[in-house]
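Quick notes on the structure that follows.
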Amino acid sequence: MKFSYQLLKSWLNFKLSPQELSDLIYLHITEVESVETHGKWANFVVGEILAIKPHPNADKLSLTQVDVGGRVLGIVCGAHNIAVGQHVPVALVGAKLPDGTIIREAVIRGEPSDGMLCSSAELGLTGDASGIRLLDTKRQPGTSLSELLGDDGDSILDLKILANRPDYISYRSLAREIAAVLRQDWQPPAIAGVRGASATEAELRVEVKDPVACPRYMARIIQNIQVGPSPEWLQQTLTAVGLRPINNIVDAANYVMLETGQPIHAFDLNKVKDRSIIVRSAKVGETLACLDGVTRPLDVQTLVIADSSGPLAIAGVIGGETSGVGESTTAVAVEVANFDFVSIRNTSRRLGLRTDASNRFERGLDVFLPELALRRVIKLIQQLCPDSQVGKDTIDVHQKLPPASRLLEVSAEAINRLLGIIIPTGEMADILNRLDLSTTVNGDRLSIAVPHDRSDIDGMADIAEEILRIYGTDQVPLVMPALPLALPTQPDLRRVLTRVRETLARLGLFEVYLHPFDVGGESAVELDNPLSSVATHLKTDLTEGLRQLEAGRSDFRIFEVGTVFAKAKTVFPEERQQLVLRISEPDAYRVARGIADTLLGELGLTGTDWREVAGVDGLRLVRGQEMVGELRRWGSEATFALDLSAIAPQVRWTREYRPLPKYPVVKMDMAFFIPDRVRIADLIKDIWAADPLVDAVELFDIFRSPDRGRSAAFHVQLRSNVRTLTKEDRDKVNEVIKNMLLERHKARLRDE
C-alpha cells in the first residue's frame, strides 16, 4: 500500500526525512517494502500559452508561444488538449526528465523548439500521457514547479499491510501510529457538521435485500454541485500514489478513501431511476457496463447496487458507466457501505478484477467506518463546491450494530514479566491512550477500551505487543541469557529411533518411508475421512506393507521405522513405534537373525530370548512374558519386526569398558552334529556358561549332512586376565564344552 510522504508530513508536521520516516515505520509499525522519490524540479516552470498555430511541415504538430516569466519561448507540441490562456508545465533547456532524458534546443521538422510542454507521465507523476498536464491558473508564468509539487517532489512509501491490521490502509491510522511513536499531538482533517443541510425535493430510498453481504449501507444526497477538475494539490496527491484524477467529486471520494481506508462511490442522482437504490444479488442474464469500459456478465453470486431498472454498480468492486459522475452531473448520491469481505473477494476473483475498492474491502473493514468517511467526504465536497446543498437526512440501513468498544483488563506486572523489562504503569497507559486505546489505571490494573476496529487485540499478550512496539524494541537492553547451559535431553524413544537408524545404516540397510494407511481389519483404526478406498484404516503392523513393496531387484536390505495404531478405550488410538527390516539375498533368514542380534547388542538389551512357535516359520523375541519382536522366513526372504516402544525403557545408554587385555587369547573351532529340535541359541548360551575362560562365541557355519543331519560350527575364544593360557587349559575347556553339549542336547563333535 502506497503512502505519500508529503501528505503524512502535512498531517503531522514532523522533521524526519523520507528515509528516517521509513526507518521509524519499519521499527515500530510495519514493514516498508520500498521508498521512491518522485520528481526533481530544477528547470521546470509554469508557462502560459500565448498563441498556437499549425506547424507548416507537420499536420499533427503545433507551434506555440509560451510565456515562462520574463521571456517567450517557441515550443513545438504534439498534444491536442492545449488552448490559449492555459497554464502548463514547461521543461526548459537543461531540464532532466524522470526517465533520464535531458531537454536540449532542437529543430523539429524545420522549426526551432526551446523546451517541452509536459504531460503527467513525462513528469513521472502518473501513467497518463494522453495530453499536456493543465495547472492551476492562479500560478504566475515562470513559477517553479517546486512550489506546486514541493522542493524535492514527493516520496512514496510502499508499506506491507498484514491481514490482521486492515486499519493500516488509511492515512488516518498510520498518522496516529507515527504520532504515538513521536509522542506528538496530531489533528486529523475536520469532519465537523455539514454546512447548509436542507431538505431536498425527493430524498433517496435504500433497500438492502442481503444484510449478510451488506451489513451497513449509508448514503446522502448532495445537489447543486459543479463538476470540474480538482485543485492541483488534490490531483498531485492522487497521482503520487497511483490514482488517476477524474473530476472534483470522484477525486474527493478517492482522497477520503486514502484518508480513512473506506471506499466511497458517487452516483449521478439524476441517473438513478425513481431515486431508489436496492442492494441485491444479480439476476440471471444481467450485465453491467463498467467504468473501465468493459461490459461484464453477472451471476447470482454477485452482489450489485441497483435501481428499479437494473444494476448500477458491482458492490465493493467497480461502478457502472451509465450512473457515473460526469461534467453534466448536478446532483449525486454518495454511497459509503460496509460489505462482507468474503463476498467481495469471491466476486473480484470470479471477475478477474482487482480495484482499489475491492483491495480494501477484501481485508475486512470496520462496520463503524462508513459514518466517519461519509461525514468527511461531504465536508470535502462542500469545500470543492461551495454552492452545493446537502440533503437533510443521512440514510443508514443496518442490522443491529455490535458494541463500539469492549473492555479489557490486564496486569501491568504480567506485561512486564512477559516482556522481560520494566515499563512504568503510567507510561504503558500513555502509550495505549496515544493509540486510541482509552486506558485508565487502578493500581496494577489497566482497564482498556478496545475499539471495534482493533479485532487483532484479544488479550494481555496483544496489549504487551502494542506497548513494546511503540516503546521500541531497540530500547530493550541487551542481556545475556541467564539460563543454565546444559546438554539438551531427548526422550528415550527418540534416542532409540536414532540409534536404530544409525546401526542399521552401518550394517548396509536402506531406510524406506511408506504411508501409514491400510485397508484395515477388525483391530484396525478406521479413518473418518479416508483418502481412497484402499486407505481406509491406519496400519496395525508395518510388516505386510514392507513385504508388498516392489524393490525392483532380487537382493536388497531395507527397513522402515514408523507408527502403528491400535484401538484404545480413550478417544484417540494407541500409537506405538515399530521397526521392520526385510532381507532378500542368499541365506536371508540367517542374515536377518545376525542383524537382529547385532541391533539388540547395540541397544544393550538383556533378558531377551528367542523362542520357537508352532506353525510359524521363524522365532519370536520375548522379554519376560512379553513378545517384543518376531523373525520370519518368507521363502527366499526374511523379516524382523521389533516393538521399539516396548523396549525403549530397557535400553542401556551407558557402556561398560574393560581394560585392554594383558595376555593373548587362545582360539579354537568346534563343530557339532545336533538334533533338529535343538536351538543354536541354546548351544551358544551353554558354551558361554561352560567355563569362565570363555571370552567370545561366534557361529560361523551351518550345513546339513545327508547321513548325520544338521551341523553347526563355532569360533570359541578363551582368555585369562591373570596369566597366559596353555594347551592344557584349552583342552580342559574343550572337554567341558563337549561333555555339556552332549549331555544337554545330544550334540556330538563332528570329528568323532
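Glycine is no exception: its Cβ is also placed from the backbone N, Cα and C atoms.
Taken from TrEMBL, the feature domain 'TRNA-binding' covers 38-146.
If you look up TrEMBL, you'll see 403-478 marked as domain 'B5'. As a summary of secondary structure, the domain 'B5' (403-478) carries 33 helix, 19 strand, 24 coil according to DSSP.
Look at TrEMBL and you will find D456, D462, E465, E466 tagged as Mg(2+) binding site. Within the same chain, the residues at least 6 positions away from D456 (Mg(2+) binding site) whose Cβ sits under 8 Å from its Cβ are N164, R165, D462, listed in sequence order.
Positions annotated as domain 'FDX-ACB' by TrEMBL: 661-750.
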Other residues, Cβ within 8 Å of D456, D462, E465, E466 Cβ centroid (Mg(2+) site): R454, I457, A461, I463, A464
For the domain 'TRNA-binding' (38-146), residues assigned helix / strand / coil by DSSP: 1 helix, 47 strand, 61 coil
Winner by Cβ contact number (other Cβ atoms within 10 Å) across the binding-site residues E465, E466: E466
Structural state census, the domain 'FDX-ACB' (661-750) (DSSP three-state): 30 helix, 33 strand, 27 coil
